[in-house]
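Marked as transmembrane segment by TrEMBL: 332-351, 357-373, 422-442, 471-489, 509-535, 556-576, 596-616, 665-683, 695-715. Annotated domain 'GPI ethanolamine phosphate transferase 2 C-terminal' per TrEMBL: 333-408, 425-706, in sequence order.
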């Protein structure tokens, strides 16, 4: 009877031990203790985690194995008829999960949804008819017998993509029906307004119907339509008792408001920290790009001295001047954008629509680079400096429309584009790529059984989806093991440039895994990611040509690191994710599994939802490696291969230290600002529905970055 909070979603998983929850103050415990009611239960095993000792008979089904939409309900329905024929129980609870699993798997518009709804209608029909027959026999034999009440309700709804956990009307407006074949109900018509009942009103209503007190923490009211025959005096006494309870809550809230005075001290601490960080930035202590640009000018002067052509010298100096302005300009733009991001963490509406900010940041970065290219177009005569950023902006615009993310677009039907037949991008990995392709075709055929078949679908039907997924897992694992071999072993095999090759192999293997776990309509998104990576590398290589000194890549490292960091976040939202629990992808986390294995499902769930950031983290490391290797080859030349390799390793070590240091600073400051925000706004209206999910997501971002950077540093050694 309490108002549900965001923390309940986490506590229901953490508090999985049911031994200490059976005696909690809830309507189940009160009915069992005060009225000696006998319970039986079949369905979602979550009930057994807190009330197993109460149930005389029970059987649980896994609520996390969302790939199962048939057996999960069949295992409940098969108990209905036998239990209705018995008389050794008083309360039967049935919790069906099939509709919820279909929603997670393919959304509310799935072709599987109508058949499942008809199945549930049949279950209600059986319950109603059998109850009617039983009540007639009982009440004929015993005039004092009470009629049976059937309560049909949903624990949540779903949004337009089948998720739940947010605050949209579709997620928070499940159906609730009270049925009894032995009672007379007021007649209604199709034009009558549907009665809205608060969720917290259900518990006190059921408690009073069974003649037990409401749980002490219950905040709801009675549903008056169910108590039309109750004396006015009884209703008055109940209303007075509810008023006393609410007065106690008001007194408690006044005590809580007194604690809010401490929020001013926290706000003062934040302002002090903010001004201190802003001062460091203005003084240049955190802008390594300033030193890089100065060193590039000095090295450029030395390299230009032997050349006698004034035209070549002029163009070379124009190129280095452009790179100098580029590094300074992008550093300033990035600082302003990051400052806006940190400030936005204190606004609930911003957190709900954070994807808009990251799309804006990425587009601003490319627009800034295009504007810098326009200012030097005449001197440099390099039109591709303008073309690459503009194409990047077009690609991001396509990604932005691929999946509609955020509360502003959940009310409409999400756009889904048909996947293009382009899974052959990894032709060199025939076995693993073929397994992924066949799995996707088989999944599409199973999800839409009325779709016209093709040759690919005919081939896919000959294979088992579970086996195909496991073949793909095995192939990806083998490729990652090869990519993760120690550097000493690779060097002994004669691979001088082993770093880039290993990173390429690792990215290919991870791409195959992400394609396997991606939603079907998101497969083509990874092709767009590849195009963005190609343009980013080509653009930065062009900047390298304009600034030849050996340490140019140290300054240009941020030209890859900053867009990569922004693209990680943009990719997270471009794949349909958000800062709400309702967008968490669960269905594909069971790819290749036949049962619920918490460790494996947890890992696959993380990979499914962080596939975009995972891909861009590896792609950013690969881009850095390609650019550093290109710089080393250009500087060292073919005459001194060992010196070139040493220069390449040294340059890359500096790049890695600067890049990962800047990334850690960003994520650390983000988590710090958000920690301050949730502390200051801990009494905000949306603290549990907006700020708490965002805080969990931000913590996952921090853990993801630390783990990914450590693994990639090992892979790139």
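Cβ atoms here come from the backbone N, Cα and C positions, even for glycine.
For the transmembrane segment (332-351), the list of distant contacts is 278, 281, 287, 357, 361, 364-365, 368, 558, 562, 566, 579, 666, 669-670, 673-674, 677, 680-681, 684-686, 690-691, 694: same-chain residues at least six beyond its ends, Cβ to Cβ under 8 Å. With pairs at least 6 apart in sequence, the transmembrane segment (695-715) and the transmembrane segment (596-616) have 3 or more Cβ pairs within the 8 Å limit; the two touch. Sequence-remote contacts of a segment are chain residues at least 6 beyond its ends whose Cβ falls under 8 Å from one of its Cβ atoms, and for the transmembrane segment (695-715) they are 10, 483-484, 502-503, 506, 579, 606, 610, 613-614, 617-618, 621, 656, 660, 663-664, 667-668, 670-671, 674-675, 678.
The average per-residue pLDDT of the prediction over the domain 'GPI ethanolamine phosphate transferase 2 C-terminal' (425-706) is 74, rounded to a whole number.
The stretch in closest packing with the transmembrane segment (556-576), judged by the count of Cβ pairs under 8 Å and taken from 357-373, 509-535, 665-683, is 357-373. Across the domain 'GPI ethanolamine phosphate transferase 2 C-terminal' (333-408), DSSP helix (H, G, I), strand (E, B) and coil residues number 64 helix, 0 strand, 12 coil.
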